[in-house]
Structures are given as structure tokens and as C-alpha cells.
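Enquirer: Quick one: this structure, given as C-alpha cells, is what I'll be asking you about.
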Amino acid sequence: MSKAEAHSAAPAHAGLAPACGLRHAAIIMDGNGRWAARRNLPRFVGHKQGVEAVRTTVRAARDMGLEALTLYAFSSENWKRPEDEVSDLMGLLRHFIRADVDEFIANNVRLKIIGNYRVLAPDLVEMIDDIVERTAHNSGTTLVIALNYGAQDELVRATRALAAAAARGEVNADAIEAAHIDAMLDTSDLPPLDLLIRTSGEQRLSNFLLWQAAYAELYFTDTLWPDFDGNSLAEAFQSYATRERRFGGR
Ligand code: FPP
């Protein structure tokens, strides 16, 4: 397929997600650094190009009728990166949210954040809260950005909340079931996770959506994140459509 065809292909995939029985997909966006290194460019350029891939992918997901797209933008372990890189990532995020809010509103996209984002810079937290509130009633695709997110941290927070509820006598500890835990997670208002994609050839979950991925289909591609686009997303969805999901049955 030519590059021109590739770019005009997104509308051709309209409605692909429901046609595949797919409601919620998540992506571990990996390979920005390698994309830049292959071009002898600084890592920042790879992250910047990664933001363009975020834009393209969100538009494609919306065109394809996906209910929820969850993106791993900054993990609770990413603080271990050099200070400059952390600051670059926060700057890109700030710019992305500010620049794209009008597009979210025009396209009926709801923004949601998962992870302990309240520890980020106060101006960023304020900006996020404002946009989350302004898009809260949008009924199209929910764009979920995982920020300072770690699945183990999410489960610790959920466990603490349940333990506190049990201590107040609101829930009987012996009667706690999976649904109680689900309800305490950051993702409680999202459809179940159907498909988890990781780019760049790495095949691990890196502390992302560990509970939610229990029955998700996994899809790994060698494509580096900055090169990921609507056609890459459609390929992942088409692969999902061939999977036989058994949820432990046969
Ligand atoms: C992995 O590439 C990517 C990240 C750590 C962060 C992803 C962030 C973005 C795409 C930009 C900001 C996001 C939004 C939503 C605006 P890597 O640096 O680990 O790549 P490498 O493994 O090749 O070094």
C-alpha cells in the first residue's frame, strides 16, 4: 500500500472496532528512543514524533468507533529516567493537552486519566482537571491517558480503599469478590480491556493494566511507536478479530 493510500485509509476502517467486537484497546507505546537513535537524533525528537503518533492513533480509533483507548504515557517507574527526559515528556504532555483540547471537544472525545497524576506539577494537574471536566459528557471515544501509572500501585490503592471500607463495616472482608476490586480500580467506569498492544518488539507488560489484562488478547508489533498509525491500529484490530476468546472456558 502506498503512503498516500495509507493516509487516506482511516475512513475506510470506519466502524472496524465494533465489527471486530472490540470495545477497549490499550497501547504500551514503546520505541521512541530507538526511532530517534536510528536517525542519529536526540531522544526528544523521538518523543515528539511519538506525540504525532498519539494524535494519528486517537483520530483513527475514533473513526473506527472504539469506545476506549488507553495509552501508557508515563509510568510510575519512568521517574528513574534522567531529569531532562522527564521534563521533556512532561512538556510534551502539557503541550499536547493544551493544543488538542479543541479537537477533543469538536470530536466528542472524553479525556480520562488513570494513575496517581495528582503529584505532577500543579499547573498540569489543574489543566488536566479542567479538560477532564470539559469533556466529561462527551459520548464518543474515551481517551485514557495513564500518567504516573503503575498497575501494582493501582492495586495497592484499591486494596487500601477496600480495607478502609471493611474497617468502617461497609463491606464484609470475607465477602470481597473480584467485582469489589474492579470497582476500586482507576478503570472502573471503562469497558473490559479486550486488546493490549505493545510496539517496538518488546514482549512484556511493564506493570501496565495487570488486573485488567487477565483475559485481554495480546498483540506485539515490531513497529516503533513513532511509526505507528491508523493502518497499524487496523492491523491489530484485524488480528484481534481472528482470536478465539474463551475466558477460561473451552
Ligand atoms: C517509550 O519510548 C515511550 C515512553 C516512555 C513514553 C511515551 C510518551 C509519548 C509517546 C509522548 C507523550 C505522550 C502523550 C500522550 C502526549 P522509549 O523512550 O522507552 O523508547 P526506547 O525503548 O526505544 O528507548
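Using the three backbone atoms N, Cα and C, a Cβ is placed for every residue, glycine included.
What TrEMBL records for this protein is below:
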| type | residues | note |
| --- | --- | --- |
| ACT_SITE | ASP30 | active site |
| ACT_SITE | ASN78 | active site, proton acceptor |
| BINDING | ASP30, GLU217 | Mg(2+) binding site |
| BINDING | 31-35, ARG43, HIS47, 75-77, TRP79, ARG81, ARG198, 204-206 | substrate binding site |
Enquirer: Any idea what the Cα distance is from HIS47 (substrate binding site) over to the residue listed as 'active site, proton acceptor', rounded to a whole Å?
Expert: 13
Enquirer: Starting from the Cβ of TRP79 (substrate binding site), draw a 10 Å sphere and report how many other Cβ atoms land inside it.
Expert: 11
Enquirer: Between the recorded positions ASP30, ASN78, GLU217, which lies closest to ARG198 (substrate binding site), Cα to Cα?
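Expert: Going through ASP30, ASN78, GLU217 one by one, the closest to ARG198 (substrate binding site) is ASP30.
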Enquirer: Secondary structure at SER76 (substrate binding site) (DSSP, helix/strand/coil)?
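Expert: It is coil.
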Enquirer: Using C-alpha atoms only, work out the spacing between LEU205 (substrate binding site) and GLU217 (Mg(2+) binding site) and round it to an integer in Å.
Expert: 12
Enquirer: Between the Cα atoms of the residue listed as 'active site' and TRP79 (substrate binding site), what distance do you get, rounded to the nearest Å?
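Expert: Given the Cα positions, the residue listed as 'active site' is 16 Å from TRP79 (substrate binding site).
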Enquirer: If you draw a 10 Å sphere around the Cβ of ASN78 (active site, proton acceptor), how many other Cβ atoms fall inside it, taking every protein chain shown into account?
Expert: 16
Enquirer: Take the C-alpha atoms of the residue listed as 'active site, proton acceptor' and GLY33 (substrate binding site) and report the distance between them in angstrom, rounded.
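Expert: With the alpha carbons as reference points, the distance is 13 Å.
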Enquirer: Please report the number of other Cβ atoms within 10 Å of the Cβ of ARG198 (substrate binding site).
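Expert: Excluding its own Cβ, the number within 10 Å is 23.
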Enquirer: Taking only the binding-site residues SER76, TRP79, ARG198, LEU205, GLU217, which have a CB closer than 6 angstroms to any atom that belongs to ligand 1?
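Expert: Cβ < 6 Å from ligand 1: none of the binding-site residues.
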